[in-house]
Amino acid sequence: MESSYFNNVVNSEYSRKNDGRMEYGTAGFRTKSDILEYVLYRMGLLAVLRSKAKKAAIGLMITASHNLEPDNGIKLVDPAGEMLEASWEMIATNLANVLDSDLTSMLAHISTKENIDLSVPATVIIGRDTRKSSPILLKAALAGIKALNGNVTDLGLVTTPQLHYVVVCTNTDGAYGDPTLQGYYSKLATVFKSIRGTEINNGKYISGLQLDAANGVGAIAAREFQRYLKGVLDIKLFNDGSGNLNYMCGADYIKVQQTLPLNITSEKSVRCVSIDGDADRVVYFYIDGNNKFHLLDGDRIATLVAAYFKELLETSGLSLQLGLVQTAYANGGSTDYISNVLKVPVACVPTGVKHLHKKALEFDIGVYFEANGHGTVIFKGTAKEAIKNHAKNEMLSTIQRVASSKLRDVTDLINETVGDALSDMLLVETILHAKGWDVIEWEKSYNDLPNKQLKVRVKDRNIITTTNAERHCLTPVCLQEEIDKIVLKYSRGRSFVRPSGTEDIVRVYAECESSSDVNKLAVEVASLVYRLAGGVGPEPSLS
Ligand code: G16
């Protein structure tokens, strides 16, 4: 069957039009949208094979998330709602790069090697963000799926986490929730309102916030939440799709530039939230009485959430292992706080939620967040059962029962499949409400070290290789040694460099004790990268 099965896959409309190599990077393929059609077509083909291999529905999301409008991309979602398995990332890369003349034989090879039963039906659940290039890329992906007779569920415009949610609901026959967008909104909104209904709040919490939706697909979801949560959470929407996607707005811009997005009014001490172009990242921020910008990033959210879970576990008397996963970008101030104050085990892994997710699975309750606001909480099946059973235990004291029910309900508020900006936002709002905190109280838990991120353009970013969760640079030789010498000059200094997996640049991260020195440290390291790794364009400088 195999060779004939793939007979009709070569389609001249989607022939390979690019000589450059494509890589399944940090979060799928991502590059300029006008060279992506053949890649989408091929990923449509691959999604069908993956679905057959797993005998389950597979997700395909068309988005370039935080990147600007000219880019686009694609990520595949595995049956349990997690990112595509690492070994298939390699298969995807090979398939994207094969010559048209070898496409048929490569598909046959994949199906033999992976022992795929081609008679099994395939289902691909597909979604896209609001980029102008998304419909044409959707057409290419659909052509690939149809070429191998796969079934399609087209969700239309959705956030990345909504697609992950529908995939897991579909594959669990609704046990995780109703596999529709309405099911998604209703599940999260119902539990949010129900938790809130159990609390009389006397603290500083005010139920109004300003949301910067990056002019992306998250604005659509945010509007739905405005409707579902009317009278409970007052969401004022900015950058709602009428402006340029991710341009001077959105979670990535706020995190890297540490400044207000376009259009948001800077009302003093008002809680502001920013999500990215496909709504899988979230950060908080506010302006103080002296007009100073304050960022509460993924590290802050992780520590808030971990501290809350720790408190609920202790109060309810339930013994489960809680752990937190970060990347090298985590601020040193947060890591100290987690280890020394919260006393929660903390692990560091390479960038990419796929790495954090995998590590977090080692804990009963794993909280994982990248500093850029991408993260969630995941529970082992046994931990979920224990939480449910504990809440039913009639021997508990009133205080234990309240904490135990809250623990059970909060788990339902979380989109465990992947970082979900809006579900994370509802979780943060729930915790702040429970504590009676405003954003200033929240920020008091610990102090961030001043930090700075820069981008350096080089001829080939892949000449930079790293180890030790990207904290140590292996090549070009001498680069790490030189970074170490620079860092030594700064009190509590730390810096690392790594090639981005989503943009054609090298990222430089720097932190140190003094806010007046941190720019200097970042620029010194950036210019080292420029000189030792083949920089192009102007050399980074302090001006
Ligand atoms: C993606 C990944 C994140 C990662 C970010 C930046 O986010 O999902 O895990 O932190 O890219 O990656 P890099 O530094 O390799 O460019 P998003 O929101 O763009 O999908």
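Backbone N, Cα and C define each Cβ position, glycine as well.
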Suppose a student reads TrEMBL and sees Asp276, Asp278, Asp280 listed for Mg(2+). Which of Ser65, Ser491, Ser495 should they find annotated at that same site?
Ser65
To the nearest whole angstrom, state the Cα distance for the pair Arg507 (substrate binding site) and Ser65 (active site, phosphoserine intermediate).
17
For the domain 'Alpha-D-phosphohexomutase alpha/beta/alpha' (52-87), residues assigned helix / strand / coil by DSSP
5 helix, 13 strand, 18 coil
Does Pro499 (substrate binding site) have same-chain partners at least 6 apart in sequence with Cβ under 8 Å from its own Cβ, and which are they?
Arg461, Asn462, Ile464, Ile505, Val506, Arg507
Recorded stretch, among 121-174, 180-283, 297-437, maximising Cβ pairs under 8 Å relative to the domain 'Alpha-D-phosphohexomutase C-terminal' (487-526)
297-437
Determine how many residues of the domain 'Phosphoacetylglucosamine mutase AMG1' (297-437) DSSP places in helix, in strand and in coil.
81 helix, 18 strand, 42 coil
Pick out which of the binding-site residues Asp280, Glu370 has the most other Cβ atoms within 10 Å of its own Cβ.
Asp280
Counts of helix, strand and coil residues, the domain 'Alpha-D-phosphohexomutase C-terminal' (487-526), according to DSSP
10 helix, 12 strand, 18 coil
